[in-house]
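J.: Features from Swiss-Prot:
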- 352-363: compositional bias 'Pro residues' (COMPBIAS)
- 9-85: domain 'RRM 1' (DOMAIN)
- 97-175: domain 'RRM 2' (DOMAIN)
- 205-277: domain 'RRM 3' (DOMAIN)
- Lys122: N6-acetyllysine (MOD_RES)
- Ser201: phosphoserine (MOD_RES)
- 345-375: region 'Disordered' (REGION)
Amino acid sequence: MMEDDGQPRTLYVGNLSRDVTEVLILQLFSQIGPCKSCKMITEHTSNDPYCFVEFYEHRDAAAALAAMNGRKILGKEVKVNWATTPSSQKKDTSNHFHVFVGDLSPEITTEDIKSAFAPFGKISDARVVKDMATGKSKGYGFVSFYNKLDAENAIVHMGGQWLGGRQIRTNWATRKPPAPKSTQENNTKQLRFEDVVNQSSPKNCTVYCGGIASGLTDQLMRQTFSPFGQIMEIRVFPEKGYSFVRFSTHESAAHAIVSVNGTTIEGHVVKCYWGKESPDMTKNFQQVDYSQWGQWSQVYGNPQQYGQYMANGWQVPPYGVYGQPWNQQGFGVDQSPSAAWMGGFGAQPPQGQAPPPVIPPPNQAGYGMASYQTQ
């Protein structure tokens, strides 16, 4: 359960013997740190009793969690974990100012990012997003401030700073507005990182982004894709409404495809997928085999859901490596006033249709990214 400063201090202690009492629990846990209370829950069923132990200090609760989980009390191995707060009691941070923090090292914790951003003002919430199955960090998180100016300063001064061996990326995280009913019904398909990263060669670092009929610029693409990794090259074709973005790593490109596909940029729902690259990257534009779309539609045809930032109906953008079940409204990264990060998914080519062909101009010979052919 969360206190006013956001630090949990209450532990759940389960799988208890029916002979265990509140007094005994307090005696044992007080050896680690001063306890405020203990509440024993004994249900009139076959289930074992459990209790909640509240400490005065978060550090004592954390120490007790590490020390007591798996220990035997009166012959039974107890289970200790952080007590969860019912969603109805969660702090409402919907009107606070949320900062997206990307490119986090795997070892970075919620406490680490909270400490790093604390100098900029009072923080209402902070979270490193984790894979719900493995417990590993997905490489990004969020920090919420009470004050907008504090959040702005944090974005400006923390972007590019080193944290745990990596330069982090910061930007606004904005709440995704409800989609129209028709959009919700027709565009529910979501991409998973595990599927996308394996759809192309590990040497392929190029993303195709299409569907931007107006306002397409190099700067817009850089703002849109920079949170996902180092960009090596950008080629835009404004008259065609699409662009190619080449990253330094295959994984960064996969993150970008998963996160940007189906989002709204300059008022247009965009489509992102791999640009096909040949083993010899010095050759001219290579053609993308659009028969892959049949495979993609099968792979991505089942609705997927993602691990969420569990605070008042907010959700993280699927920026991380592992997608996990959840089903709420979405966080997105606001890239610019005119290109809001919408975090949505689902735009797919109509059946039997291929995206428009890319015809490289003569002065672009040797450009080793990707082009597309019709079937």
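Including glycine, each Cβ sits where the backbone N, Cα and C put it.
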J.: Whole-number answer please: how many Å between the C-alpha atoms of Lys122 (N6-acetyllysine) and Ser201 (phosphoserine)?
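T.: Lys122 (N6-acetyllysine) to Ser201 (phosphoserine), Cα-Cα distance: 45 Å.
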J.: What is the total of other Cβ atoms whose distance to the Cβ of the residue listed as 'phosphoserine' is within 10 Å?
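T.: Excluding its own Cβ, the number within 10 Å is 13.
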J.: Tell me, roughly as an integer, the mean pLDDT over the domain 'RRM 2' (97-175).
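T.: Value for the domain 'RRM 2' (97-175), mean pLDDT as a whole number: 88.
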J.: Give me the count of other Cβ atoms within 10 A of the Cβ belonging to Lys122 (N6-acetyllysine).
T.: 11
J.: How does the domain 'RRM 3' (205-277) divide up by DSSP, counting helix, then strand, then coil residues?
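T.: Across the domain 'RRM 3' (205-277), DSSP assigns the residues as follows: 22 helix, 26 strand, 25 coil.
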